[in-house]
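Annotated in TrEMBL:
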- 2-27: domain '2-thiouridine synthetase TtuA-like N-terminal LIM' (DOMAIN)
- CYS3, CYS6, CYS22, HIS25: Zn(2+) 1 binding site (BINDING)
- 50-220: domain 'tRNA(Ile)-lysidine/2-thiocytidine synthase N-terminal' (DOMAIN)
- ALA53, LEU54, SER55, ASP59, VAL84, GLY160, ASP165: ATP binding site (BINDING)
- CYS273, CYS276, CYS285, CYS288: Zn(2+) 2 binding site (BINDING)
Amino acid sequence: MRCSKCRKEAVIWQRYSGLHLCRDHFIADLEAKAKREIRKHRWVQSGDTIAVALSGGKDSGALLHFLARTFGERRDVTLLALTVDEGIAGYRDPNVAREIAESHGVPWHCVSFAEMLGTTTDRIVERKGDTRSCTYCGVLRRHCLNAAARDLGATRLAVGMNLDDEAQSVLMNVLRGDATRLLSSQSPMTGVVPRIKPFAMVPEREVALYAHLTLAHFEEGACPYSSTALRGDVRTLLNDYALRHPAARFALKNLGEELAGVCGTAGELLKICDVCGEPYAGEECRSCQVLREALEG
Ligand code: SF4
Ligand code: ZN
């Protein structure tokens, strides 16, 4: 197939746009989408320090590459890479993340569950079984990322969520009947480094192709605990559906954004946890609650 724009050989067909794109036009198209998302939300401003959450996988590696290309030359924007080692044996060697950061000239920082929390995901699974491993691991990773980003002086935390992740999250909250999460807006809250998601409008397969075209290598293994997550079921369901209805993911993503915009809580008042020093909403600090549960026999 030939590129719809220049007749060179195409590397992808975008079902939702009907376009075939060659390597160069595909990269330009993806980067334009990500830049549009950044402009739309006014996510990056002069003086910002962006911490890029870098696991070393394709999504975060691609994000680091994109941000380094886009902001690497800017004197008024600082980039740094931040890796969290959850302590899952045989998965996510932090050295892969380090090499990606170093090859892009971005300073690299690594923190671990072991040193910040005194435990690891492997040890939690050993005690609790693996049915809720992603709940524990996800909450605790979020905690570590926020604390480390703030300590490093970051004003933004860039995460590699793509369109599929975003659409799955909306659908998961619908299926769980979780109105609070469905409606919670991203309004600024003290103590929380605001998250930015430049790839939120880019389908997962396009982020993967971008990673293959632009990175020398990245972590390709899957987490040994990932198959137990509800997300897996929702992904399968949505992938099947999107084959017949290519705009479904965009629709879900937009629905989530609109609901949060219309009904979103205007920055629920946060308290600072006496135990861990992190901000939290509601009755009890979620990280401390999860950590206590995880450490119970
Ligand atoms: Fe943690 Fe679940 Fe992700 Fe594995 S799949 S790293 S357990 S959140
Ligand atoms: Zn706490």
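Each Cβ is built from the backbone N, Cα and C atoms, and glycine gets one as well.
Beyond its flanks by at least six residues, the domain '2-thiouridine synthetase TtuA-like N-terminal LIM' (2-27) meets 203, 206, 209-210, 213-214, 246-247, 250 of its own chain at Cβ-Cβ distances under 8 Å. Annotation note: VAL84 (ATP binding site) sits in a strand segment as assigned by DSSP. Summary of the Zn(2+) 1 site environment: with the site residues CYS3, CYS6, CYS22, HIS25 set aside, the chain residues having Cβ atoms within 8 Å of the Cβ mean position are ARG2, SER4, LYS5, ARG7, LYS8, ALA10, HIS20, LEU21, ARG23, ASP24, PHE26. Around the Cβ of ALA53 (ATP binding site), a 10 Å sphere holds 24 further Cβ atoms from the protein chains shown. Sequence-distant contacts of CYS22 (Zn(2+) 1 binding site), defined by Cβ-Cβ distance under 8 angstroms and a gap of at least six in the same chain, are ARG2, CYS3, LYS5, CYS6, LYS8, GLU9, ALA10, VAL11. The distance from the Cα of ALA53 (ATP binding site) to the Cα of CYS276 (Zn(2+) 2 binding site) comes to 21 Å. By the criterion of other Cβ atoms within 10 Å of the residue's own Cβ, the least surrounded of the binding-site residues CYS6, CYS276 is CYS6.
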